[in-house]
Ligand SMILES: O=C(O)[C@H](O)[C@@H](O)[C@H](O)[C@H](O)CO
Ligand SMILES: [Zn+2]
């Protein structure tokens, strides 16, 4: 048995930390603070995070083949030039909705950017239901809507053989799978592969490891859980010192470390004083399993 250890590496305190992505070229961890309206980049060498402030809730960040990054900002897909701190809109979604924003997003193995929307929250997990949709931004910058009626569009990733797409709509308390056609980017045959237990609370961000097992961050559950998507069984639970664990990714040397983001929005003074690291970024080592490098957006 390897011994798991957990360290809070960035204590700046996000309001809603999300979308951790390892940027191998920079040797740094990218993530966003959604309601803090910041894209952040933490370096393990300087042990500091740099941040770029943006003008709307920023809910995911992804690598881009041509260099720099793409982000989901409000209801926009946008390009971000890091050095210049420059954001330019690529395209907008949910034009028929007044009160939605993007939430989690990730690039597929063919370089398409998947991201979903949700209604603006009144407070964490309290919002007008069924307002969200799941979209793909293709490398030619066209957008396709896959489905609507989503509550809180959240974690997503693809199986190692690229034939399954995993997806979380948080308020369904379920981790779902779809058949995936990598050629076209089409999804179908939705089914649930895991229902969260009560103490696991709300499923949020997710990533896959090199054994094809899923890691799901449990919002208000203070943990990440490892699931076998074939059997629907939970294989492992790793508890963290904060309740609002929001998402996870692998990074560092050979993708052998796990990074977990967390949130502090919705916590009162007493709760925050019990969990002073809320909103921090955590590094988990000793899991004995590695992750898959993130795919860059091909457009
Ligand atoms: O991080 C996200 O995905 C949402 O933007 C958050 O607000 C929480 O996850 C949500 O409140 C939990 O249900
Ligand atoms: Zn999320």
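Glycine too: its Cβ is placed from the backbone N, Cα and C atoms.
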Hey, TrEMBL has divalent metal cation bound by 18, 154. Any idea which of 68, 108, 204 it lists too?
204
Same substrate site per TrEMBL - residue from 84, 121 joining 101, 103:
121
What does DSSP assign residue 121 (substrate binding site), in three states?
coil
Long-range neighbours only, meaning 6 or more apart in sequence with Cβ under 8 Å: which ones does residue 121 (substrate binding site) have?
127
Residue 101 (substrate binding site): which of the binding-site residues 18, 154, 204 is the nearest Cα neighbour?
154
Number of Cβ atoms other than its own within 10 Å, given for residue 154 (divalent metal cation binding site):
30
Among 18, 101, 103, 154, please name the binding-site residues whose Cβ is nearer than 6 Å to ligand 1.
18, 103, 154
Quick one: Cα separation, residue 18 (divalent metal cation binding site) versus residue 103 (substrate binding site), in Å?
9
